[in-house]
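In what follows, a single structure is set out as C-alpha cells and then discussed.
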Amino acid sequence: MKKNFILNFATKNVKEKKLSFGVGITLWALIVFAYMIFVMNWGFASAGLNGKAGISGYLGHFFPNANEAPGTVVNQAVNWGITIGRGIGSVLVGWLIVKISHKYTVILSLFFMLFGIIAPYSPTYAGFIILRTIFAIGGTMQIILIQPVVSNYLNQRQKAVISQFSPFFYPIGTIITLIPFAGIIGQEAQEAFRDNWQIVFLVIGLLTLIPLIGYIILGTKFDLYPSNIEKRNKQEKLSLATFFKQKDTWYWTILYGSWLVAVVFPFTFSKPIFHRLIGDSDGTFNDKISVFLIFFLAGMFLGPFTIGLLSKYQLQRRKYISTIITLGVFFYVLATVVFVLKVGKNYEYAKSYTDGWTWLFLFLGLFMGICLWGIQGVMLNLPHEYKGSNPYRVGFQFGLIWGLGYTAFTIATIITSLVNTPPGIDLKKLELNNVDGYALGAYILIIIFSLVSSIGLALLKEPNPEYKKLLKIRSFSEIERIKK
C-alpha cells in the first residue's frame, strides 16, 4: 500500500480491536444520520424553499427583480451539473478510502457537508450553487461509506437485516421536506417557512456537526488493522480501471441508474407533469400530489418487512427484483390514470380527502412505494452475496455503482427535462386541451427508463444459483434462512 502524509498519520498507533456488532451499528448510525441531514437540506430546496424570483424563497432573495432570474434551461443545466458532480464524488470514494483510510474519508465528506451552512449566506447565486455542490458531493458520499462498515462489522444475516433499514433515511428526510408544503401546516406557516429559508438551511446544516464530532471521537480505523491489511495484501489488487473493464460494472450501472429514475423521478416530475396532463396551470392539486408523494415515500416503512424479507432467505434474487420493480412502475401508471381521469377532473375536491378516487390515488402511491423502496435492500445486498466479496472490493464496487448510476440518472434527467420543456417553447402559449403532448412524452420516457432495470438484471449473474426459485416453492417448510 502506497502511503502519503495523511495515511502515515492515520496508521500511527493503530491498535487492533474486536470488530463488534455494537461498534458497527454505532458507526452505521452516525453515517446514515448524516445522509438523512443531506437529504433534508437538498430536498427543501426543491420542495418549497426555492420560492419564486421577485417574490419569496432563495430565488426571491437572489433575484428580487424577476426579469433578472435565470431561465428554465439555465436552472436545469445547473441541476445537471450538480448531479454529475455527485456522481464524480461517488466514484472517488473507493479511491479516497485507499488513499486516506475510511475514517478520514468519512470526516472529509462531513467537512464537505459543512459548506451547506455557509451556502445560504453567499452574496451571489453562483456562490450559493457552488457551495451547495460541494455540500452535495459530501452528502452523496455517505450512502457509499456505509458499505465498508457493514461489510467489516456484520455477518451475512446481520447484513441482510441492516440492508433493509439503511434505505429508510432517504424517505424520512424527504417526507420532512414535503410536510411543510403539503397543506398540512397552513398557508401562513408555509410562507413563514419560505421567508426564513436561510435559518432553515442553517439549522439543518448545523446538525452535521453531530455526526462529524461523533465520528472524530468514535470512528475506528478498521481498514488499517494489521489483520485487514494482511488480508488485503493477499487479495487481488483493485483499482477503478479494474472495475471499468468488468462487464458487471456496466450492468449494475443500468440497474441502479434505472432504479434511481423509478424512485426519484416521481418526486421530481409528478407535480409539473400531472398538472399539465389535466390542463391545470395554477397548481390547484399541488397539496394533493404532495400527499401522494408522502404515501409513496411511506411505503419504505412497510417494504423492508414485506418485499424486502427475501434477503433473509436462501432464494434466488434477480427475477424477483425485476418483477417487484415492474410491479411498482405499474402502480405508478395506475395512479397517474386515476389522477388524470378522476381526481384531477374534480376541482371541488381539490383540497379535500373525502372522495374514494382520492384515496385510491393515494394508496396506489403507497403500493408503489412498498415495491420500489422495499426492493432496495435486496438489491443493495447483492454485492455482498457474490463469491469472493470482501470489504475492499465492496467499497470500490459501491462507489462505482452509485457514481455511474448517478451519471446514467443524469443522462435520463437531461433527456426527460428537454422533452418535458423543450428549449425555445413557451409553455404558457400552448393550447393544452387537457393533454400536454410534451408532458405526456416525458411521462412515457420516465416509464421506459424505470423499466430498463430489467435489462441490467437479466445480464447480471445470480449470486447464489444453488438457491431455490421462489415460484418453485410449494410450502413454507422448503424455505431456509441464510446461515451466518
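Including glycine, each Cβ sits where the backbone N, Cα and C put it.
The transmembrane segment annotation in Swiss-Prot covers 19-39, 78-98, 110-130, 134-154, 165-185, 199-219, 249-269, 289-309, 321-341, 360-380, 398-418, 440-460, and the record cites sequence analysis as its basis.
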Best-contacting stretch, by C-beta pairs under 8 Å, relative to the transmembrane segment (134-154) and drawn from 78-98, 289-309, 321-341, 360-380: 78-98
Feature contact check the transmembrane segment (249-269) with the transmembrane segment (321-341), CB under 8 Å, 3 or more pairs: yes
Segment proximity, the transmembrane segment (78-98) to the transmembrane segment (440-460), 3 or more C-beta pairs under 8 Å: no
Other parts of the chain folded back onto the transmembrane segment (199-219), taken as Cβ under 8 Å at six or more residues beyond its ends: 26-27, 30-31, 33-34, 37, 40-41, 44, 49, 103, 106-107, 110-111, 113-114, 116-117, 119-120, 135, 193
Highest-contact recorded stretch vs the transmembrane segment (249-269), from 78-98, 110-130, 165-185, 360-380, CB pairs under 8 Å: 360-380
Result, the transmembrane segment (289-309) in contact with the transmembrane segment (19-39) (3+ CB pairs under 8 Å): no
Contact between the transmembrane segment (360-380) and the transmembrane segment (165-185) (3 or more Cβ pairs under 8 Å, separation 6+): yes
